[in-house]
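Annotated in TrEMBL:
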TRANSMEM  34-54  transmembrane segment
TRANSMEM  61-80  transmembrane segment
TRANSMEM  100-118  transmembrane segment
DOMAIN    268-329  domain 'TRAM'
Amino acid sequence: MVTFVARVLLIVFSASIGYVIGNTFGVLQPWHSLLGMLLGGAVGFFIIGIEFVIKNFSFEGLVAPTVGLILGMVTASFIVGWLDLVLPSSFVVFSNIKHFLTIVLMLFLGYLGFTVGLKQKGDLRILPAPTFGRNSLTSPKVLDTSVIIDGRVADICKLGFIEGSLVIPRFVLAELQNIADSPEPLRRTRGRRGLDILNEIQKQVAIDVRISEVDYPEVREVDSKLVKLAKQLRGKIVTNDFNLNKVAQFQGIEVLNVNDLANALKPIVLPDEDFIIKIIKEGKESGQGVGYLDDGTMVVVENGSKLIGREVKVTVTSVLQTSAGQMIFTKIK
């Protein structure tokens, strides 16, 4: 509401300034005042339009177009100044159109520089890229809802495996809040756990946590917003979501999947290796028993269905790698 009132006041103020200027230069022709008021109001709308255009741009995204605009206008001034020096003072035509030519060249070259800078903003290397906290040499990590609720990211940060800034988008916070306010008990518990994890991460001194206010009203899905934000920040997405993982990688965004990290850190088990496992239930096939290692890896024991509840020494026969992790097939030694 405050923003709306401020925009209305800006338009009224711009129209008033235009009216005063038109009235000053058009004393004998009253329609100049009306024209000035309309032009002033148009300037106010133009400023508000610029606000809508640039609000979804990062600092780095605005640097290149702005530099292009300034270079274009400076080039126009140099061209007019050069013509003023080269052409003789007796050249009346140039004297009459000098100011008009300056405005036209500034508009044309300024627009040209702005559009070129807008297209090439990702390739600007003259100016230093904006930093994201105390770890400016590493790219920011954008957290999604699933990895926050999972909670393991807090321990990973605490152990120092993640460097750089953690970016938590405002729309992710809103989604967490909606989950925490859900009437379903399980969903509500998950949402509140996610909020607790965020508070735990923020209390860690070694981690630079920042809230991103960037939003994309035209995009409805949170996953699409995350991909767009990561691309804008040149950051990485930290997630557990398989679909988000694939979509982000398809668009050239680097993804840090906590599940992949957990699988990579599981101990390697080789064929013919022996270890002790407790059989806790029957397997899918006849005679099979099933147990689990400390990291959750499923162990299938051949002819182990009759030994449920007992610890037995087994020998590894084969290891199957699946998308959910490893499955180890063994036989009783």
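Using the three backbone atoms N, Cα and C, a Cβ is placed for every residue, glycine included.
Those TrEMBL annotations? Automatic predictions, nothing curated.
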Determine the mean pLDDT over the domain 'TRAM' (268-329), rounding to the nearest whole number. 87
What are the DSSP helix, strand and coil residue counts for the domain 'TRAM' (268-329)? 3 helix, 33 strand, 26 coil
